[in-house]
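In TrEMBL this protein carries:
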| type | residues | note |
| --- | --- | --- |
| REGION | A:16-41 | region 'Disordered' |
| COMPBIAS | A:21-30 | compositional bias 'Basic and acidic residues' |
| DOMAIN | A:46-154 | domain 'Cytochrome c' |
| DOMAIN | A:198-312 | domain 'Cytochrome c' |
| COMPBIAS | A:316-331 | compositional bias 'Polar residues' |
| REGION | A:316-339 | region 'Disordered' |
There are 2 protein chains.
Amino acid sequence: MSATATGWLLTAVAETSSEGSTDHASERLANEPVQPIAPYQSEHPEKVELGKKLFFEPRLSRSGFISCNSCHNLSRGGTDNLPTSIGHNWQEGPINSPTVLNAGLHMAQFWDGRAATLQEQAAGPIDNPMEMAYTHTLAIEVLRSIPAYVDMFEAVYATRDIGIDHVTDAIAEFEETLVTPNSRFDQWLRGDDSAITADELAGYETFKSIGCVACHYGEALGGKDFHRMGLVHEYLTENPSQGRFEATGEERDRFSFKVPSLRNVERTYPYFHDGAVWTLAEATEIMAYLQLGRELPQADIDNMVAFMRTLTGEQPQITLPQLPPSTENTPQPVPFERE
Amino acid sequence: MSATATGWLLTAVAETSSEGSTDHASERLANEPVQPIAPYQSEHPEKVELGKKLFFEPRLSRSGFISCNSCHNLSRGGTDNLPTSIGHNWQEGPINSPTVLNAGLHMAQFWDGRAATLQEQAAGPIDNPMEMAYTHTLAIEVLRSIPAYVDMFEAVYATRDIGIDHVTDAIAEFEETLVTPNSRFDQWLRGDDSAITADELAGYETFKSIGCVACHYGEALGGKDFHRMGLVHEYLTENPSQGRFEATGEERDRFSFKVPSLRNVERTYPYFHDGAVWTLAEATEIMAYLQLGRELPQADIDNMVAFMRTLTGEQPQITLPQLPPSTENTPQPVPFERE
């Protein structure tokens with residue numbers, strides 16, 4: 001956690017004295033394996049605003065139709081709520097689109113962790129022929145042809161010579177702001193005992209005692225490790241992904257995936273890297289069986305689902321950006337291929 | 001113009017005294033064939049908010065991917081800036097998607113005017129197999145399965161029995177709010193002589209004197225009549241649309257289209273019902289030739305384009321809605337067809 005976030009946390013804890021003592025809150029924060037999410041205050045608001053425009057910019061795609069927000073829809077928990085995504089020319093994506101919310105809290109990006117940073121991730125979909133199907137060169141040419149964009153890049157990066165690294169840096173900075181603080185569970189972590197119910201608390205206790213928390217811990221309840229999907233029992237899927245093996249080539253990484261965050265998990269269905277499961281109850285039952293070898297009573301599942309619903313935080317409030325119009329020099333979109 | 005809008009106009013005129021006398025402004029307003037756009041104050045803010053959610057709701061489509069905003073993108077002048085739109089399964093649409101901005105000022109909807117109202121229009125794309133490719137029955141089933149939606153509909157329509165007419169009524173009320181007042185040209189109309197330049201004013205004078213204004217008049221500079229595309233010279237296009245003929249079956253309506261609004265026209269490229277022309281200069285030259293038999297000097301075209309750029313008003317400021325999550329009873333999207 002950054003120094004700023006820690007500072008915010010201590011202030012927040014100090015303010016909980018009406019609900020519980022500061023000691024009570026400090027003790028809980030020190031002992032629980034989950035930490036509250038801190039709001040993200042960017043020191044570069046102009047960069048964030050530029051990044052927001054680019055996040056919603058369909059002209060970064062060959063068709064002029066697909067933007068980052070198409071598959072990481074900020075109206076829908078930062079996902080498309082589809083098993084796998086729709087790409088250029090309605091191609092079927094290979095894997096479930098992970099949420100962009102709180103992604104900055106993860107150690108790496110993509111299910112296989114092949115991008116170390118948000119910036120590195122942002123470059124991927126633009127020129128992936130299955131996704132936005134463009135080239136970095138053409139995407140840059142689009143932006144350079146639009147004076148309003150050139151001015152914005154100059155204000156942020158002090159150059160009119162826009163490059164792909166500027167584009168991905170701005171998108172990444174916008175994405176850093178997409179955190180979801182102040183969930184009911186975070187209120188509880190900060191000492192407010194009344195923020196969650198007895199059933200929800202019981203669900204959290206089960207979540208810890210049976211071992212879910214071994215992978216789903218930290219601010220994001222996930223995003224900190226890779227683990228094999230199907231640890232005790234094999235996971236049967238038609239999805240061909242080999243997981244982290246595809247990034248490292250190491251045999252031990254086969255079927256290993258980045259642990260997904262459980263933040264806002266009630267909004268990020270369907271679940272797993274193949275998007276095969278639609279309900280939290282089913283996902284919970286399956287994970288307990290596959291990873292921990294447990295067959296849980298329904299009451300435990302119900303409570304754990306209730307607990308997971310307390311992880312929905314404040315969704316980022318986004319004012320829809322206004323994108324500057326193309327000029328006669330802007331490369332035209334190619335929505336349909338002609339022979 | 002509604003009584004409310006007239007009232008707003010008179011107030012606005014009274015407030016122009018710093019830039020010009022009220023008499024000056026009143027005279028201009030009375031004599032010009034274009035009227036300023038009034039802000040739209042809905043008397044049903046809860047309905048507007050519900051309609052906004054539905055406008056951004058991909059679950060009204062079979063794929064769960066396409067919403068109203070996909071083709072009427074409120075980041076991009078209410079259009080997709082494509083010649084024709086991308087529909088379900090990447091089907092190529094038959095005609096250019098008109099902007100939703102100021103659409104409530106039009107006498108009818110669609111290029112052929114086949115929908116009398118915004119509400120009637122809104123029902124079309126949902127079950128059009130080329131567009132959202134869903135059914136009204138399934139769209140309603142989705143909404144009924146989500147308690148948060150049922151509560152919102154009940155708050156607005158005093159019933160939990162959601163019907164398609166509620167859905168389209170709410171979307172239409174949201175769309176009514178999508179007006180773009182206070183363009184520089186409107187400031188000039190209300191008496192502020194300094195709001196537009198001499199070249200822009202000269203462009204407006206040419207626009208009137210050569211006859212563009214015969215069709216492009218009123219608040220929206222269009223949207224009030226149907227006219228044949230290619231009045232003096234034939235318009236050559238590969239687009240198969242027969243225009244209003246398709247709605248009426250009357251021979252005289254063949255190739256007749258609703259006059260598009262020129263409001264925000266610098267943002268609503270490409271132009272014409274086939275979306276064949278990308279620049280305002282080219283569109284202006286072509287229209288003068290086709291409809292009026294004029295071959296204009298470049299200086300006149302430049303000034304008219306400069307005038308048209310003054311028609312860009314304040315774009316609606318939209319806070320992205322948060323869509324409530326699906327439940328286990330929600331019909332699942334079908335992004336890809338399986339045999």
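Just so you know, glycine gets a Cβ as well, placed from its N, Cα and C.
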Open item on the list: I'd like the per-state residue tally for the compositional bias 'Polar residues' (A:316-331) from DSSP, helix first, then strand, then coil.
Closed with: 0 helix, 1 strand, 15 coil
- [ ] Give the residue counts of the compositional bias 'Basic and acidic residues' (A:21-30) per reduced DSSP state, in the order helix, strand, coil.
- [x] 9 helix, 0 strand, 1 coil
- [ ] Would you report the average pLDDT that the model assigns to the domain 'Cytochrome c' (A:198-312)?
- [x] 97
